[in-house]
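Quick look at what Swiss-Prot annotates:
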BINDING   Tyr45, Cys66, Cys69, His70  heme binding site
SIGNAL    1-44  signal peptide
TRANSMEM  301-318  transmembrane segment
Amino acid sequence: MRNASVTARLTRSVRAIVKTLLIAIATVTFYFSCDLALPQSAAAYPFWAQQTYPETPREPTGRIVCANCHLAAKPTEVEVPQSVLPDTVFKAVVKIPYDTSAQQVGADGSKVGLNVGAVLMLPEGFKIAPEDRISEELQEEIGDTYFQPYSEDKENIVIVGPLPGEQYQEIVFPVLSPNPATDKNIHFGKYSVHVGGNRGRGQVYPTGEKSNNNLYNASATGTIAKIAKEEDEDGNVKYQVNIQPESGDVVVDTVPAGPELIVSEGQAVKAGDALTNNPNVGGFGQRDAEIVLQDAGRVKGLIAFVALVMLAQVMLVLKKKQVERVQAAEMNF
């Protein structure tokens with residue numbers, strides 16, 4: 001009986017281990033198959049920064065890493081209060097303006113609307129406010145925006161997107177300020193806020209490869225001998241540009257669907273010359289701001305000090321008037 005019980009337990013354990021391994025293998029397979037099947041569509045999403053730079057999205061130079069894939073510079077604005085009190089909810093507004101009539105190149109080469117995304121780097125201790133602390137008025141401004149922390153231990157770094165650009169050129173973040181009275185690691189004072197905002201797909205993947213939302217150049221000097229259009233089983237179109245150097249073998253440059261060819265067969269090109277136009281209409285921008293975590297006691301003290309100064313000035317004016325009246329009475333006497 002004892003041996004049978006031990007055997008049963010071992011059998012159940014083995015089954016559990018096998019089941020866990022199968023789930024893990026299926027998950028990994030699904031992840032990589034999606035990455036291979038749809039690499040261009042995923043490259044525009046902010047979570048690529050999380051995977052490539054897990055510690056922080058800001059380099060030591062101050063540049064936010066989204067600029068490594070979104071090469072064009074575009075304006076981004078941020079609005080935060082000059083100062084806030086502890087344990088209060090305020091809003092940070094990130095503005096990502098662009099021409100809504102513009103269309104970008106999609107993963108399949110078709111023209112589609114632009115998406116937007118943003119990263120908000122708050123000071124330590126600041127975080128997205130819980131739902132029960134958000135007023136109805138502020139909730140209306142937020143809409144259905146989903147805020148994702150950069151990592152489990154970095155609630156002060158928040159990413160958003162991709163979102164439809166036509167609806168979200170302004171993204172409202174509900175932020176809860178920390179309370180130094182309950183967290184001894186937090187101190188009153190001035191802090192920096194860093195913001196990055198992008199519109200449209202990136203031009204480079206985190207691996208360094210170009211996306212189809214980029215300019216393609218000739219890799220050799222010579223004459224374009226042939227331009228062949230190819231289509232794979234999934235219907236994805238690409239062009240093979242054959243360049244014949246003065247000596248040596250033909251060099252083949254592959255151009256995906258999306259950018260428009262601006263060269264033709266028989267045309268002479270030099271290495272580095274553009275084979276296509278630049279289809280990118282988006283870009284990335286970042287801004288820095290400052291916010292003060294204000295001590296309520298100091299604010300009250302400042303108000304009291306200002307009131308005393310004003311009262312002293314009033315008393316001085318009244319005293320001066322009194323002296324003037326006394327002097328006038330003595331002169332009349």
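Using N, Cα and C of the backbone, Cβ positions are placed for all residues, glycine too.
Neighbour density for His70 (heme binding site): within 10 A of its CB lie 28 other CB atoms from the protein chains shown. If you draw a 10 Å sphere around the CB of Cys69 (heme binding site), it holds 21 other CB atoms from the protein chains shown.
All protein chains included, Cys66 (heme binding site) registers 23 other Cβ atoms within 10 Å of its own Cβ. Annotation note: Cys66 (heme binding site) sits in a helical segment as assigned by DSSP.
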